[in-house]
Structures are given as C-alpha cells and as structure tokens.
C-alpha cells in the first residue's frame, strides 16, 4: 500500500450552497496533503490527537431522546442493498455483537451532552420507511429539491412518514443512477435540517448517495481507489457491494453528526456555525490505529479476505472513527492501543 505521513488533515470538506443556507458535506477518500498538515504531531499515540483542536459546545440541542431513523429509498434499490443498510442501523444499539462492534463505535457519540448534562441516547432504531422508486423529482437533485423529496415522504397520501422533529432522523438514500448537486466532486453525503417554508417542519435529515456508477473511487474508498494515488489497490468490501459498503461509513458519519449537532448549533469546532467542523469531519479517512493522510489505519480481515473494522448483528462493516472531546483524539472500538 502506498504510504504517506500519518497525520490528520483538517481541511474540512464542507460545501456552501448557492442559496442562503449552507450544508455540511463529507467524502471519505484520502485528501491530498498540504502545508497545514504539519501542525499535527505524527508521533502522538492517538490518531488525530492535537491540542490545537477546539471542539466546543455552543448550547444547542443534541439528540438525548431515543433516535428513530426513517430511510427514504430514492430510485431503484435491490432488496439485498436495503438489507445491508437496515442491519447497520439496527446494529447501532445492538447488544451482544462481537467486539469490535458498531454499538461500541456509538459509545463515542454517547459521550456528548447537552446543557443539562444529559448524554446522547444509546438507542437508535430503524423506523418507518418510504420508497420513491419512480424518481418523483427526477434523476438530478439539487440541495433544495432534496428537501422537496422529504416533503413528499412526510405528506404522502399513502403511508406518509411520521413527523418527529425531536428524535426523528430522515435519511435520504439515492440510487446509483441519481446525481445530486456537488456529488462526487465535493461531497458523498451531507446533513442539515429542513426549512419550514419548503417542508412545513424543521426536521434533521441527511443525504447519502450510492456512488457505484458515478464515482466509487471518490465515495466508496477504500473499496475503490481514486486516480490520484497510483499503485494503491482497493480492499475487498465486507458485504460484496462496493457502492453500498462505501455508503455505510458515510451514513455512520452523518448519523453521528446529526446526533451531536442536529440544528448546527451544538458540538462543532471552528468559528463559523454555517460551516462547522464536526466530530466525524475531524477523523475523516481514519478507520484504525495509525490512520491519517492517505493511510486508513490498521483494519481487520475476515476469512474471505474482506476488510472491516466493526461487527454488526449479522454483518461486518467498515466505518470511520469519531472525535472524542473527552480525550481529544479520534477513537474507535478496533483501536490497538
């Protein structure tokens, strides 16, 4: 594997809307290093650890109530693909999964509190779902038309999704033939909240796209690799679907940040609330001990050679680490330290 210096790149991959609102964006592939990387001490024991990171609480709400995730399946999805994603969501709160587990990964999220000292919930469950198999808003979506898709899901005459502003998360998942504004070039997923002027309610939501046809080397890394890293070989995906296995880490990233910063006024670093650096942004591309730069860190392999770092209920997944504000470093349940 092509090796670059072990460090954390704090170039936050957030994207600005052309409309007045701005949305957090994320892409998992290894960023190109630059001079700012040198502020991090590669000899530190814990990945991404730095006294220079100032993740602060800005007094906004976090999700202390039990979380219900409502997937919206936009476009054509195979049953096998839906099952991979559903089982990941159900694994977040699962007890008894083999170590290292998805639920162990979520414990870092649970460290975060609101202004009363209440921790983020340990209960995340799969809620009602909505299928939009006929591409109701076309195959090319803007950031604002995404909100229109969510509006259609919660106002549908036939089995609308429940409206739950306090503990509901609305997860829009687009099929591999759908293009979303800035997809592949700048983001693989983002989260924000809906505007009452469009949807009728303020609802925390996230979008994640299947990159299998459009840009797997960008959004399904390390199951596919970007062209700017010559000689680097992809690893085998744990569930046999490069696009969906690549989505899992992006979904994990966005759910963790929705829980800790649902209205973009709670936990984040940086001076700008409309372009915050959040708990998953700080650990982008780190999946194991030693991770940073273009190196994912030490991961695990199953008997078939597939790569993963956490166990779910019945499946294995590869998901990025998260920032712990308690100890000021990126951490995950598969850490070797």
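Including glycine, each Cβ sits where the backbone N, Cα and C put it.
Here the structure is a predicted model, which means the values were calculated and not measured.
Marked as N-linked glycosylation site by Swiss-Prot on the basis of sequence analysis: 34 (among others).
Under the three-state DSSP scheme, residue 66 (N-linked glycosylation site) falls in the coil class. Non-local contacts of residue 66 (N-linked glycosylation site) by the CB criterion (under 8 A, 6+ apart in sequence, same chain) comprise 121, 123, 124, 125, 167. The N-linked glycosylation site feature in Swiss-Prot is assigned to 66 (among others); the stated evidence is sequence analysis.
All protein chains considered, the CB of residue 119 (N-linked glycosylation site) has 13 other CB atoms within 10 Å. Here Swiss-Prot flags 119 (among others) as N-linked glycosylation site, drawing on sequence analysis.
Residues annotated as signal peptide in Swiss-Prot: 1-25.
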